[in-house]
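Please read the structure below before turning to the comments.
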């Protein structure tokens with residue numbers, strides 16, 4: 001008797017759902033605490049704390065409903081054979097359109113078109129509610145309904161433009177890959193990731209946001225001086241109009257080799273009135289670069305990608321695996337989907353491990369900025385970002401360890417203060 005792969009996958013999905021729901025309940029209990037953590041008493045105002053708690057609880061309630069609907073739909077799609085049914089229907093559509101159903105590329109593209117329509121229909125109510133109810137209720141949403149749907153339309157157009165050639169290439173590589181399939185797939189995805197990292201900020205991101213050079217002035221001079229002192233090859237310094245969509249703030253950098261760029265959200269500049277706090281945040285980001293965190297993360301992703309493709313090559317010809325999910329044939333895309341479901345246990349473990357590494361990197365970047373003399377300003381900047389973004393003040397340690405790639409503010413401030421005590 002063949003192993004019931006599909007039943008095992010659905011069972012594990014449900015177990016993970018119950019485990020994550022348990023963590024959500026722990027986090028909700030932490031969010032309901034009426035007082036600030038001791039570290040934040042006198043640092044965060046009571047008004048901001050109350051607003052943060054209300055915002056976090058609203059997002060928690062929403063997440064409960066969203067996750068319940070998601071696990072219900074995903075389990076039903078697998079358990080009731082909707083996936084193979086939809087694959088057959090997409091083949092019928094290819095025939096109706098006057099093409100050959102045996103052409104796997106056309107069949108796959110028709111299938112993905114249907115999946116995209118389905119995902120838009122099921123996700124749209126949640127996206128609208130999150131943006132125009134929760135985010136708006138707490139003063140974060142700045143976009144109009146027109147801008148929301150314009151962005152949605154642009155995203156769909158990009159998917160239609162970029163998806164077919166990428167999917168077609170993957171199918172051809174799998175069909176012709178032979179014993180070196182994992183290497184060919186990894187090489188293709190490696191090149192694709194480099195191309196996308198190069199093109200996205202230059203061609204795609206400007207379709208959604210406006211990027212303008214940071215005006216001449218004291219802030220620009222301080223950032224350029226900092227970058228120069230670290231020999232960071234800063235090519236351009238931009239401000240992005242994040243305020244057209246949200247009042248959440250951020251900063252990031254990108255680029256290869258000698259062509260680095262730094263982007264500040266206009267909301268960050270508006271919220272951090274002290275230039276030193278903004279420069280301290282940039283010092284933290286440059287710490288990631290100086291300590292090679294970006295390179296390490298990229299290498300880790302490439303290793304994991306190669307291992308995943310290696311695992312896929314081992315199971316792609318398993319007829320029992322495909323039959324367990326209701327398929328008589330073994331399409332490339334379906335094989336990838338099934339494989340992703342079968343390695344869910346490993347994915348959660350890997351994700352947890354990557355979070356631990358990421359949190360360690362954040363502490364190191366904070367220490368780097370402090371070493372440059374920005375300890376006090378970084379502390380102020382972190383507090384200001386926590387306040388203005390209404391981030392959770394109280395967090396459950398289990399929930400935080402499992403979900404957060406960045407340490408909670410309490411832990412980051414404690415680490416900065418601890419280094420002060422050691423210095424004394």
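Using N, Cα and C of the backbone, Cβ positions are placed for all residues, glycine too.
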Between the ranges 48-67, 68-87, 88-107, TrEMBL assigns transmembrane segment to 68-87
Where TrEMBL places transmembrane segment among the ranges 237-255, 256-274, 294-312, 313-331
294-312
Fewest other Cβ within 10 angstroms of its own Cβ, chosen from the binding-site residues 284, 288:
288
Between residue 362 (Zn(2+) binding site) and residue 285 (active site), find the distance joining the two CA atoms and give it rounded to the nearest Å.
9
Around the Cβ of residue 285 (active site), the count of other Cβ atoms that are within 10 Å
18
Counting Cβ atoms within 10 Å of each candidate's own Cβ, which of the recorded positions 362, 366 comes out highest?
366
Between residue 285 (active site) and residue 366 (active site, proton donor), how far is it from one CA atom to the other, in Å?
9
